[in-house]
Amino acid sequence: MNMSMTQPVSSPSHPVVRSLRVCRLGTALTGTVAVPGDKSISHRALMFSALAEGETRIVGLLEGEDVLRTAQAMRALGARITRENDGRWHVHGCGLGALHEPADVLDMGNSGTAARLLSGLLASHGIMSVMTGDASLRRRPMKRVMDPLAATGATFLAREGGRLPLAIKGSATPAPLTYRLPVASAQVKSAVLLAGLNAQGQTQVEEPVPTRDHTENMLRHFGAHVTVEETPEGGRIVRLEGKPRLIARDVTVPGDPSSAAFVLVAALLVPGSDVIMTNVGLNPLRTGLFTTLREMGARLDVTNERTEGGEPVGDLRVQASSLQAVDVPADRAASMIDEYPILAVAAAYATGISRFRGVEELRVKESDRLASTVALLEKNGVRTKVDGNDLIIYGTQGAIPGGGVVETHMDHRLAMSASVLGLVAENPVDIDDTVFIDTSFPGYFALFNNLGAGFAAA
Ligand SMILES: O=C(O)C1=C[C@@H](OP(=O)(O)O)[C@@H](O)[C@H](O)C1
Ligand SMILES: C=C(OP(=O)(O)O)C(=O)O
């Protein structure tokens, strides 16, 4: 048993807190596991099937809190959504343009993806809605979607600085948008494209740096006409023809590479480990971490590569490796944006000084992940420096002191990163709250226990 838990205690921002102490693991992680379904793809599967005509069956949907919020919201907007005992989800869509006005406030919990993508749909339907979220989501910027979406003819009313709660009076006759993304964000791109579904004519989004393209892939799967042009500068222009006939199509959700990242780094760092993860999504716009870890010297092999539901998937084998420092270029950030906290743990354990360039987007995630990742490492005896928008980490050559109390700030990725750090640190690591792991990785501790981590709670 390498961990102890306190009793749940109440807090003003969320009712249950689960703190945790993690001690160094003396044995290897071994075995074969399947990580839960991809969060990005799961949100989209529910939203797009809710707009389609007919019944969609979804296999492998992530049943994490964030995605369950999307399911709840799409029900409130008129879709019929059920879950079978075998884990399959069925969605009877209402048809494009036919979303119902929700009778109550839509609570998107902890999920930026749910809130931002839904804004695009709500802006382009002639209904009135109000959206809110938990204390973390209510701190996150919504102006990045409100600004482009206002040009559809929709009206937004938000708190100071464009924060939730947000009231949206959608446009019954939305204008199609042409927009160049000022930040590399798949959520903003998707919000604009989703607004374009119910607009007459062509919607166009230009992204200077390619971001995850699950929206484009899945809209095509449901019958929309979407084209992608690569620009000479390395960006992309995505064009969508408005008012497509969206027809229900079954969806298979691959394992989430962003969840696999935690198992992957743990297996690289814990001596003697040898782990296989089956059915992991390998979309090239999501695999920047794999590239980076290989540059550090990771033994990471992909087998059984295939395409499922329009997305590349494969099995990953990872073996404990001795890692060297890495210099991660800024133009790789979009393809591994959620993986920086766990990469920071790998860099802290590695030999040499690592630099993650251009990671300013980390400041607007569930927590300010630049600040919270720095605090995670510093409190556990690892030196760091923030240089403009770059994060520098001084590797400890396998000797992370540990002994710190980590504040996770309602951020699942911080909690999971801290737990992996605790498995390899010299002294026990205390984590203030692990509850938010359920937003993206239900069954996290049980899955690790199957590999031999010995966590006491799940
Ligand atoms: O489109 C998506 O599903 C996501 C896009 C990313 O956010 P940004 O678009 O804000 O970079 C990522 O951080 C998030 O976890 C999921
Ligand atoms: C940033 C994340 O998600 P979201 O923006 O959907 O809250 C994440 O899962 O790391």
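Glycine is treated like the rest: Cβ placed from N, Cα and C.
What TrEMBL records for 26-445 is domain 'Enolpyruvate transferase'. Annotated 3-phosphoshikimate binding site per TrEMBL: K39, S40, R44, S185, Q187, D338, K365, in sequence order. Summarising the annotation, TrEMBL assigns phosphoenolpyruvate binding site to K39, G112, R140, Q187, R369, R413. What TrEMBL lists as active site, proton acceptor is D338.
On the structure: features taken from TrEMBL.
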| residue | record | CB count, 10 Å |
| --- | --- | --- |
| K39 | 3-phosphoshikimate binding site | 25 |
| R44 | 3-phosphoshikimate binding site | 25 |
| G112 | phosphoenolpyruvate binding site | 20 |
| R140 | phosphoenolpyruvate binding site | 20 |
| S185 | 3-phosphoshikimate binding site | 22 |
| Q187 | 3-phosphoshikimate binding site | 23 |
| D338 | 3-phosphoshikimate binding site | 22 |
| K365 | 3-phosphoshikimate binding site | 21 |
| R369 | phosphoenolpyruvate binding site | 26 |
| R413 | phosphoenolpyruvate binding site | 28 |
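Candidate binding-site residues: G112, R140, R369, R413. Nearest to S185 (3-phosphoshikimate binding site) by Cα distance: G112. Non-local contacts of S40 (3-phosphoshikimate binding site) by the CB criterion (under 8 A, 6+ apart in sequence, same chain) comprise T113, A186, R212, H214, D256. Across the structure, Q187 (3-phosphoshikimate binding site) and G112 (phosphoenolpyruvate binding site) are spaced 8 Å apart at their Cα atoms. Checking Cα-Cα distances from K39 (3-phosphoshikimate binding site) against the binding-site residues (G112, R369, R413) with a 10 Å cut-off leaves nothing; none qualify. Taking CA atoms as the reference points, K365 (3-phosphoshikimate binding site) and R140 (phosphoenolpyruvate binding site) are 7 Å apart. The binding-site residues close to D338 (3-phosphoshikimate binding site), defined as a CA atom within 10 A of its CA, are R413 out of G112, R140, R413. Taking a Cβ cut-off of under 6 Å from any atom of ligand 1, the binding-site residues S40, R140, Q187, R369, R413 reduce to S40, Q187. Cα of R369 (phosphoenolpyruvate binding site) to Cα of R44 (3-phosphoshikimate binding site): a span of 25 Å. Taking a Cβ distance under 6 Å to any atom of ligand 2 as the criterion, the binding-site residues R44, G112, D338 reduce to G112, D338. In the predicted structure, the domain 'Enolpyruvate transferase' (26-445) carries a mean pLDDT of 98.
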